[in-house]
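I have placed the structure first, in the form of structure tokens, so that the comments after it can refer back to it.
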């Protein structure tokens with residue numbers, strides 16, 4: 001089984017990289033891009049039957065820094 | 001007075017920190033990240049600058065979960081002292097020993113220059129060698145030094161006199177110009193600027209020497 005973890009900066013935390021991407025899109029002529037947030041996707045290959053809660057623990061302990069980041073887990 | 005400096009793969013200021021600690025009078029040894037225990041009777045653990053584990057995942061995140069960092073957390077929980085500089089500050093926030101997080105610089109650029117700092121409190125072993133309000137200059141060299149914490153944490157840090165240093169001209173977007181903070185028991189300091197790179201005349205700047213000298217003073221018999 002696979003799990004896909006999405007890690008994003010929390011709402012309210014400034015994302016300078018996302019802002020830079022937004023400016024670059026504007027420079028390319030794409031109008032109307034009102035905001036860009038950049039995050040990361042981490043794919044895990046897991047032994048069959050690994051509980052989703054275990055992936056949650058992995059996020060809490062290592063994959064996300066919950067001071068600034070939120071995460072979501074998708075079993076695929 | 002005994003100190004240890006942790007060494008991770010990718011640390012590059014570990015020897016500089018050891019030189020500064022030894023010059024101040026600490027009996028200092030280097031400790032490899034795979035070790036699981038710290039030597040008995042340590043007063044201070046130094047967490048050096050660099051790029052531990054290549055800054056993979058997040059700066060300091062992998063180091064914070066390394067075997068030696070579990071021992072570091074126990075050392076601090078026992079009331080031991082710890083000094084984290086640059087990547088070491090990032091490691092200390094990732095372990096939860098200090099609040100907040102260090103984010104990408106607002107400019108998105110790696111910044112390497114001398115930064116003006118104001119010493120905000122002399123009430124700690126780390127800053128006892130300075131006067132509160134004193135302005136000093138120390139080198140900074142980081143890509144992720146933009147200190148972030150939520151409003152409540154920032155207010156607590158200010159209210160409890162736990163901001164050790166602020167930038168006089170904010171280089172990286174850090175909240176409230178924060179360059180270094182203390183733990184609640186004032187025995188853990190994390191800071192982005194490098195005192196160990198400005199600790200002897202050959203460095204061209206000795207503003208960092210007072211930090212190490214003040215620290216040794218805290219351990220000297222009264």
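Each residue, glycine too, has its Cβ placed from N, Cα and C.
Residues or ranges marked as active site, nucleophile by TrEMBL: B:86. According to TrEMBL, the feature active site maps to B:194, B:196.
Its own atom aside, the Cβ of residue B:196 (active site) has 30 Cβ atoms within 10 angstroms in the protein chains shown. Cα to Cα, residue B:194 (active site) and the residue listed as 'active site, nucleophile' are separated by 7 Å. Under a cutoff of 8 A between CB atoms, and with a sequence separation of 6+ in the same chain, the neighbours of residue B:86 (active site, nucleophile) are B:13, B:48, B:49, B:50, B:140, B:141, B:142, B:145, B:191, B:192, B:193, B:194. Counting every protein chain shown, 25 other Cβ atoms lie within 10 Å of the Cβ of residue B:194 (active site). In this structure, residue B:194 (active site) belongs to neither helix nor strand by DSSP; it is coil.
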